[in-house]
Amino acid sequence: MAVDPPKADPKGVVAVDPTANCGSGLKSREDQGAKAGGCCSSRDQVCRCLRANLLVLLTVAAAVAGVVLGLGVSAAGGAEALGHARFTAFAFPGELLLRLLEMIILPLVVCSLIGGAASLDPSALGRLGAWALLFFLVTTLLSSALGVALALALKPGAAFAAINSSVVDSSVHRAPTKEVLDSFLELLRNMFPSNLVSASAAFRIFATSYVSKDINTSGIHPCGACPQRSNATMDQPHCEMKMNILGLVVFAIVFGVALRKLGPEGELLIRFFNSFNDATMVLVSWIMWYAPIGILFLVAGKIVEMKDIRQLFIGLGKYIVCCLLGHAIHGLLVLPLIYFLFTRKNPYRFLWGIVTPLATAFGTSSSSATLPLMMKCVEEKNGVAKHISRFILPIGATVNMDGAALFQCVAAVFIAQLNGMSLDFVKIITILVTATASSVGAAGIPAGGVLTLAIILEAISLPVKDISLILAVDWLVDRSCTVLNVEGDAFGAGLLQSYVDRTKMPSSEPELIQVKNDVSLKPLPLATEEGNPLLKQCREPSGDSSATCEKESVM
């Protein structure tokens, strides 16, 4: 029986049938080699796995080592035994990590949002933004409801009838009372910054302080004819040196949409911002290898700084457990369940891809500082497209505060139980709505959620002075809040990526999406006497030399 000769491809290379005898012989030899060196093969797989996840393991180990080191130094005398100079040197590596991360937040947020908004057509941009805001709103409401339910079930403030004065740190200042209207006006002021050119304006937010002033009023004093003096509290908006992420987000999105409207004329500027963003991500990859050292000393320094940490855990242990349990349930059950229901993918594999940003969030206690690492991990390890992650994650770092909303609800119920106040249905609904709304304007900075807790307490007529008890342990609870906040941002980006993959969202100009990868920059042709430098040649994809055209450059 004749056997057909092997066929050749157009390039003249003979194709080899993988089912031929030589292929089976090669496969059997490989199997024999694998069986002979099975131990070595498994050892190599373990080494490859460790090398691939080295940064994750180092970051988690650094966080655990920071807790152990901090407790050990506290047992040996703490910050007082070290002295001011030694404690400053002890905490300096952690401070350096924060400064490195904050250094690249400004270019990263601006460039990523401009590139992401410009890469999507207006209809797709609107749909993505609407779905993202809906996801953030639903998850924040769920976290608020979970916080209220846990606080009502565990009753953390019922057994806290008498508080020892040593529980409250003397260095903690009481948070001032803030009106709801002033908080809303602050949100609007920060959305529209007055100056983006000044270097300090981007790192400046508006805040309202209350100043007590004596006012002369006309009138007759009962004891004689003299003007009366009354004391009044007046609101006084001022600027604080904190990064105005909300203002940068609003400006960058609007500017990116404007570049999209320009069409080809704005393509060069879009490519500039994309290249700037890629260079910033290279800096992020370098900083990530310093993150374990910084996280170790950040966590250890904060524990050493606290006074009488044992008494704090004894007095407020039930409140801490309630907050941490709520964050664990929402982060390990609720968010993964939502992700699985909509994507049908393993959510815990997605979580493993963002372990490094989660550990960084625990160490830095700042959603904004974790943003660069989160962008890099969701793109490289979880397969989220750049124009989605760089558009959604900065918005999530500003408006998505699941952890803060849960903590605020637990704290409000805790203070209500502490003061013996019963919460009816109307007050519970008030707590849920106020916590969800106020968490949107909470700054992505350490202790940002505590600043908005006063709004909830004022809404249900609770004393604001009890916030000092919350501040005493906020250094721990706030880290758990930050981990949950950034986890919600990452799951939101993953859900939107799945939505885009299912719907195959069209774009009116696909070449604007990731211009750097799709448009190759070729060197300009040599100038000739007959050639016009303002003319460029366009060749058809077929490569036919006769099919050439000339048109005036749009650049």
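Note that Cβ sites are derived from N, Cα and C of the backbone, with glycine treated the same way.
Quantities reported herein were computed from a predicted structural model and do not represent experimental measurements.
Annotated features, as they stand in Swiss-Prot:
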- Thr398: Na(+) 2 binding site (BINDING)
- Asn164: N-linked glycosylation site (CARBOHYD)
- Asn231: N-linked glycosylation site (CARBOHYD)
- 348-378: intramembrane segment (INTRAMEM)
- 428-461: intramembrane segment (INTRAMEM)
- Met1: N-acetylmethionine (MOD_RES)
- Ser507: phosphoserine (MOD_RES)
- Ser508: phosphoserine (MOD_RES)
- Ser520: phosphoserine (MOD_RES)
- Ser545: phosphoserine (MOD_RES)
- Ser553: phosphoserine (MOD_RES)
- 534-555: region 'Disordered' (REGION)
- 1-52: topological domain 'Cytoplasmic' (TOPO_DOM)
- 83-95: topological domain 'Extracellular' (TOPO_DOM)
- 118-131: topological domain 'Cytoplasmic' (TOPO_DOM)
- 155-239: topological domain 'Extracellular' (TOPO_DOM)
- 263-271: topological domain 'Cytoplasmic' (TOPO_DOM)
- 300-320: topological domain 'Extracellular' (TOPO_DOM)
- 343-347: topological domain 'Cytoplasmic' (TOPO_DOM)
- 379-387: topological domain 'Cytoplasmic' (TOPO_DOM)
- 415-427: topological domain 'Extracellular' (TOPO_DOM)
- 462-474: topological domain 'Extracellular' (TOPO_DOM)
- 497-555: topological domain 'Cytoplasmic' (TOPO_DOM)
- 53-82: transmembrane segment (TRANSMEM)
- 96-117: transmembrane segment (TRANSMEM)
- 132-154: transmembrane segment (TRANSMEM)
- 240-262: transmembrane segment (TRANSMEM)
- 272-299: transmembrane segment (TRANSMEM)
- 321-342: transmembrane segment (TRANSMEM)
- 388-414: transmembrane segment (TRANSMEM)
- 475-496: transmembrane segment (TRANSMEM)
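Secondary structure at the residue listed as 'Na(+) 2 binding site', taken from DSSP and collapsed to helix, strand or coil, is helix. The transmembrane segment (240-262) shares more Cβ pairs under 8 Å with 388-414 than with any other stretch in the list 132-154, 272-299, 321-342, 388-414. Long-range neighbours of the transmembrane segment (53-82) within the same chain, counting only residues 6 or more positions beyond its ends whose Cβ lies under 8 Å from a Cβ of the stretch, are 90, 288-289, 291-293, 295-307, 309, 352, 355-356, 359-360, 362-363. As a summary of secondary structure, the topological domain 'Cytoplasmic' (118-131) carries 11 helix, 0 strand, 3 coil according to DSSP. Under DSSP, the residues of the topological domain 'Extracellular' (83-95) split into helix, strand and coil as follows: 12 helix, 0 strand, 1 coil. Proximity of distant same-chain residues to the topological domain 'Cytoplasmic' (343-347), defined by a Cβ-Cβ separation under 8 Å and at least 6 residues beyond the stretch ends, is recorded for 335-337, 491, 494-495, 498. Outside the transmembrane segment (321-342) by six or more residues, the chain places 139, 142-143, 146-147, 150-151, 154, 156, 348, 350-351, 402-403, 406-407, 410, 414, 477, 480-481, 483-484, 487-488, 491, 494-495, 498-499 with a CB less than 8 A from a CB of the stretch. DSSP states for the topological domain 'Cytoplasmic' (263-271), grouped as helix (H, G, I), strand (E, B) and coil, give 9 helix, 0 strand, 0 coil. Residue counts for the topological domain 'Extracellular' (415-427) under DSSP, split into helix (H, G, I), strand (E, B) and coil, are 7 helix, 0 strand, 6 coil. Beyond its flanks by at least six residues, the intramembrane segment (348-378) meets 55-56, 59-60, 62-63, 66, 94, 97-98, 101-102, 104-105, 108-109, 112, 243, 245, 280-281, 284-285, 287-288, 291, 294-296, 298-299, 336, 339, 384, 389-390, 393-394, 397, 401, 444-447, 475, 478-480, 482-483, 485-487, 489-491, 493-494 of its own chain at Cβ-Cβ distances under 8 Å. Tertiary proximity for the topological domain 'Extracellular' (300-320) is limited to same-chain residues at least six positions away from its ends with a CB under 8 Å from its CB atoms, namely 65-67, 69-71, 73-74, 78-79, 82, 87, 90-91, 94, 154-157, 159-160, 163-164, 166-167, 169, 410-411, 414, 469, 472-473, 475-477.
Note on the topological domain 'Cytoplasmic' (263-271): its mean pLDDT in the predicted model is 88. Residues of the same chain lying 6 or more positions beyond the ends of the topological domain 'Extracellular' (83-95) and with a Cβ under 8 Å from any Cβ of it are 73, 293-301, 304-305, 363. Packing against the topological domain 'Cytoplasmic' (379-387) from elsewhere in the chain are residues 115-116, 119-120, 350, 353-354, 490, 493-494, 497, 500, 513-514: each is 6 or more residues past its ends and has a CB under 8 Å from a CB in it.
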